[in-house]
Amino acid sequence: MNGLPSTEAPGGAGCALAGLPPLPRGLSGLLNASGGSWRELERVYSQRSRIHDELSRAARAPDGPRHAAGSANLGSAAGPRRPVNLDSALAALRKEMVGLRQLDMSLLCQLWGLYESIQDYKHLCQDLSLCQDLSSSLHSDSSYPPDAGLSDDDEPPDASLPPDPPPLTVPQTHNARDQWLQDAFQISL
């Protein structure tokens, strides 16, 4: 109804987008009723306020129509147990929202950690590639002059050149997240 693809959740809990958990029970009816427009949302809010006022008046007058019908019929006529008033419904919604906020923050932290790990891994691969390119260019045969017909008695040609640099290694990080990536992809560095 709001223009988004939705599927009905089991048990009629409301609409859920593909790949996302279903909406909290307290919001699903509001979203379906609003149709996505703010004017409709205002209308629903005023209707909810009117219902809250009626519930408050009914709670203050125990001899109202609900009480006259008898307590035996009250449970069967109401169907599934629902919150008695708007305050308890809001408290239940608040609890659900806190849980969703905690889940959201947890997922956000995990995504951020994964993003950082991917960036670290990219930099590590780039550094390794750069080191390998540099090492191969230093040790390639074309970078050294060929033997100029020297005899065994002459000084070796490497004596005039500086000694070979130590082999280049990628610095090892001490981050558990990087270790997890190396273990997960079985990369030997």
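Just so you know, glycine gets a Cβ as well, placed from its N, Cα and C.
For reference, Swiss-Prot has these:
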type     : residues : note
MOD_RES  : SER28    : phosphoserine
REGION   : 55-81    : region 'Disordered'
COMPBIAS : 68-79    : compositional bias 'Low complexity'
REPEAT   : 86-114   : repeat 'LRR'
REGION   : 141-174  : region 'Disordered'
COMPBIAS : 159-169  : compositional bias 'Pro residues'
MOD_RES  : SER188   : phosphoserine
Residue distribution over DSSP helix, strand and coil in the repeat 'LRR' (86-114): 29 helix, 0 strand, 0 coil
Arithmetic mean of per-residue pLDDT over the repeat 'LRR' (86-114): 89
